[in-house]
Every structure is written in C-alpha cells, then in structure tokens.
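Participant: Once you've had a glance at the structure underneath, I'll fire off some questions.
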C-alpha cells in the first residue's frame with residue numbers, strides 16, 4: 001500500500017516537472033475543435049500583422065528587409081512548446097531592432113551572431129535560475145528607456161517619410177541633418193507617407209471607438225461590425241498593400257516617384273550555424289568578443305521592458321529559456337535577436353487565441369511569405385514601412401509616467417531622467433546609467449537609515465523595487481494560485497515608504513485580486529500611501 005502511494009507521488013512529481021519544462025503538455029491533451037478554430041483565426045490575424053512589421057523593423061535594425069522575416073517565424077514554433085503564456089508572440093520588435101542596430105553596424109553577420117550570443121546567455125540564465133537579476137531594473141528605468149526609444153525610433157523614420165538618404169544614425173545629428181535637408185524631400189514619398197500615417201491613425205481610432213453590437217441588432221450590422229474590426233486589426237498589411245499597388249502602377253508607367261524597398265533575397269534562409277568571424281573586403285578578420293561584454297546586460301533590460309509591457313511575469317526562468325532557445329535556433333536561419341511584441345500580443349489576445357498553437361499558424365504565414373512573396377516586396381515603398389513603424393512605437397511614449405513618478409516619489413524622477421536623456425546619446429548607455437543611479441539610491445537608503453533618537457516607535461523600513469518580485473511570488477503562490485483563491489491582509493505597519501516600482505506592482509496585484517473576486521487589504525499604511533496605491 002505504502003509502495004503504491006510512493007510510486008503515485010513520484011509519478012505525479014515527474015509529470016509536474018516535465019510539464020514545467022514542456023508547458024505544451026499541460027494544454028495539448030485537452031485540445032479541442034473550438035480551440036483550433038479560435039487559434040486559426042488569431043494566428044492568421046497576427047500573421048498578417050507580423051509580415052509588414054517584420055519588414056519595417058529590419059529597416060530600423062539597418063538590415064535588408066528579408067532579415068525581418070527570417071527573425072519572425074522561429075519563435076512562433078518554439079514558444080508553442082516551451083512558452084507559458086497563450087497570448088505572447090515572439091519576433092522582431094522596434095526596441096530590439098534599435099538596440100541591435102547600435103552593435104551590428106548594418107552587418108548581417110554581426111546580427112546573426114548577436115542572436116546566438118543573446119540566446120545562449122538567456123538560456124544559461126534560465127538553467128542557472130538567474131531570473132531574479134531582472135528584479136534590479138526598476139520601473140522608472142524601464143519607462144525612461146521605452147519613452148526615449150519610442151522617440152528615437154519614430155524620428156528615425158522621418159527621413160523615410162521625406163525620402164532622404166545618407167542621414168546619420170546618431171540621434172542629435174539625425175535631428176539636425178533631417179531638418180537641414182528637408183528641401184531635398186521627394187514629393188511622392190512625402191505625400192504617400194503622410195497618407196499612410198493618416199490612414200493608420202484613422203483605423204486605430206476606429207478600432208478603439210468601435211462599439212460592439214448587441215444581440216438584438218440585425219445580422220448585417222454584426223457582419224459590418226466584424227468587417228470593420230477586422231480591417232482595423234490588420235491595418236498594417238492593408239496600408240502596405242495599397243501603397244505597394246500605388247507604387248507598382250507608377251513604376252510600370254516608368255514614373256519613379258517613390259523610394260522602394262528594392263531587391264530582396266528570394267526563398268527560405270539556409271539552415272546553417274552562425275559565423276564567429278568575418279573577413280572584410282580588405283582581408284581584415286574581425287572577431288566578435290566585444291559583443292559578449294554587453295549582451296548580458298542589455299538582454300536583461302529588454303526582457304524586463306517587454307515583460308512590463310506585456311503584463312505577464314517574465315521572472316519565470318521558463319520564459320527566459322523559451323526566448324533563449326528561440327534566439328539560438330533563430331541564429332541558424334539568419335535571424336537577429338527577437339523578444340516579445342506588445343502590439344502583436346495585444347492583437348493575439350483580442351482575437352481570442354486559446355493556446356500558444358496560434359503561433360504555429362503565424363509562423364506558417366511568415367514561411368509562405370518568404371517562399372512565394374519576396375519578389376513582390378520589391379515594390380513596397382519605404383515611406384509606407386516608416387508609417388507602420390511610427391504608429392507602432394507611438395503608444396510606447398507614455399507621457400503620464402513623469403507625472404506618476406512625481407506623485408508617488410519625486411526622487412524616482414532622477415533615474416527616469418538619466419535613462420531618458422542619456423538614451424538619446426546611446427540607448428544602451430541610458431539603461432546602464434539608469435540602473436546605476438537606481439542602485440546608488442538604494443544603497444544610500446541602506447547606508448543612511450532613518451534614526452529617531454529617543455523614539456519608542458517600532459523600526460520602519462522602506463519597501464523597494466528589488467523586493468517586489470519576491471513579494472508577488474509569495475502572494476500568488478499562497479493566495480491566487482490556490483483553489484479557491486484567498487483574501488489577503490498585508491500588514492504594512494513597518495513600511496515607511498515605497499517607490500514607484502512597488503506601487504506599480506501592487507496596483508497589478510490589486511487588479512488580479514479583483515478579477516478573482518477576492519480582497520487584498522493593506523493594514524497600517526502610512527497616511528497618503530493608501531490613496532497612491534488605490535488611485
């Protein structure tokens with residue numbers, strides 16, 4: 001009897017361990033026809049969004065456009081097996097493309113090797129359970145980084161809207177030379193680019209303001225609503241197709257009014273390991289040891305940024321492993337580093353995806369595009385891709401962040417401003433500067449605790465950003481991940497202050513408790529802190 005129970009417990013533990021490493025085993029046995037239908041719709045919708053964005057983000061990285069598609073399909077298949085979120089889609093993103101551009105120098109060999117190195121570091125972090133390192137990147141640093149990156153990426157596409165060439169990459173010089181050379185703008189690119197921007201913004205607003213029909217509405221109203229919503233969802237591909245048709249019609253009549261993407265490599269990329277050295281035209285051999293020195297830090301920053309934006313817990317080592325394996329395998333198909341996409345993840349969720357299998361459909365669409373549509377991409381105007389990028393990064397510039405930091409804790413504006421301003425010089429230095437300032441502030445409070453001479457009060461301490469992840473894990477495991485969920489009372493009597501990262505995480509916790517119809521109560525909060533958290 002005891003032997004049978006022991007064997008059953010061992011089998012149960014082995015099953016849970018296997019499912020933790022291969023999350024696909026937790027949902028695949030329960031897969032059904034309804035899930036398949038929803039995943040097909042979501043995967044198709046995300047695929048139609050991915051193709052034009054991948055082409056556009058390759059431009060941000062300074063690479064030929066086909067490298068965007070090379071980077072867009074491997075994560076779809078690997079995350080289906082190893083990922084833990086049904087909504088997340090992996091692929092090229094604007095921020096990752098910007099960061100990669102600063103290291104790659106428009107060299108595809110650098111790009112592919114960087115993907116391999118990034119993936120190796122991420123996978124090693126997962127295996128060694130080093131996900132806690134992400135806790136040391138605070139909310140102000142993330143916000144400062146993403147706001148600066150959005151401005152840098154968005155303005156970097158103005159030159160393509162105007163049809164300008166040979167503009168420097170460094171932001172200050174880019175601003176100067178863009179305005180200095182506006183008289184050289186091509187009228188065709190300007191008109192087409194601004195038209196694409198206007199259409200994308202209109203479709204975005206239309207989707208936001210669209211009111212769902214009630215069950216009493218006639219069928220034709222529901223069908224019309226579905227068509228409008230679908231067009232607004234795949235607005236990127238619609239705009240690129242229309243712009244390409246316009247450009248093609250002028251090209252065949254021998255009128256060259258637009259700057260086109262031009263010749264692209266045809267077919268699927270070869271499967272081969274990345275090159276670890278490169279021989280230049282003058283015979284110089286370049287080795288890539290210097291990339292290893294910066295890859296680890298910048299990957300942690302990027303991972304923290306997309307985890308915050310996508311609203312799921314990226315401290316789990318399984319997520320790091322899935323992303324790491326994607327980047328490693330992606331380097332064998334000429335991909336540059338990828339990460340989670342906020343925009344495409346939102347589309348995936350809104351279209352009702354049920355499992356990560358929706359990513360397989362997206363991956364197939366990208367592969368079909370590579371196999372059959374590459375000659376068509378010749379006629380895509382660069383101005384239309386620039387419009388897609390500008391509209392994609394605009395929501396990342398959160399102008400409310402400084403006001404929120406000022407209201408919660410004024411001192412948190414310091415790492416935000418350091419990250420924000422230095423990122424316009426070099427974005428990776430902005431991240432380093434912000435983390436160093438946050439760390440210095442944390443160490444100062446530890447070295448200079450508040451001391452009340454002659455006071456009989458209990459000792460109070462601040463709750464700071466490195467502790468938030470551990471606090472969340474404890475609350476989730478003890479209250480939210482049990483059946484039924486439990487109410488929680490947090491005794492905050494000994495907490496004298498909180499920073500903006502803590503407030504942000506506690507607000508997310510409150511949302512999760514409300515979704516499960518249970519309560520999270522803060523007991524003994526200082527005057528003023530309760531209003532900030534509940535605001």
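Here the Cβ of each residue, glycine as well, is placed from N, Cα and C on the backbone.
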Participant: With the ranges 274-294, 295-315, 358-378, 463-483 to choose from, which does TrEMBL describe as transmembrane segment?
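Facilitator: From TrEMBL, the annotated transmembrane segment range turns out to be 358-378.
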Participant: When TrEMBL marks a stretch as transmembrane segment, which of 226-250, 501-525 is it?
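Facilitator: Matching range for transmembrane segment: 226-250.
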Participant: Pick from 2-20, 21-39, 40-58: which stretch is listed in TrEMBL under transmembrane segment?
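Facilitator: Of 2-20, 21-39, 40-58, TrEMBL gives transmembrane segment for 40-58.
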Participant: Count, for each of 226-250, 358-378, 385-401, 413-444, the Cβ pairs lying under 8 Å from the transmembrane segment (40-58), and report the range with the highest count.
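Facilitator: Selected stretch: 358-378, with the most Cβ pairs under 8 Å.
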Participant: Give the one range among 187-206, 226-250, 358-378, 413-444 whose Cβ atoms make the most pairs under 8 Å with those of the transmembrane segment (385-401).
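Facilitator: Between the candidates 187-206, 226-250, 358-378, 413-444, the best contact partner of the transmembrane segment (385-401) is 187-206.
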Participant: Please work out the mean pLDDT for the residues of the domain 'STAS' (463-535).
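Facilitator: Average per-residue pLDDT within the domain 'STAS' (463-535): 77.
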Participant: Under a Cβ pair cut-off of under 8 Å, which of the recorded stretches 187-206, 358-378, 413-444 contacts the transmembrane segment (226-250) most often?
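Facilitator: By Cβ pairs under 8 Å, 187-206 leads among 187-206, 358-378, 413-444.
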Participant: How many of the residues that make up the domain 'STAS' (463-535) does DSSP mark as helix, as strand and as coil?
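Facilitator: So the counts come to 38 helix, 13 strand, 22 coil.
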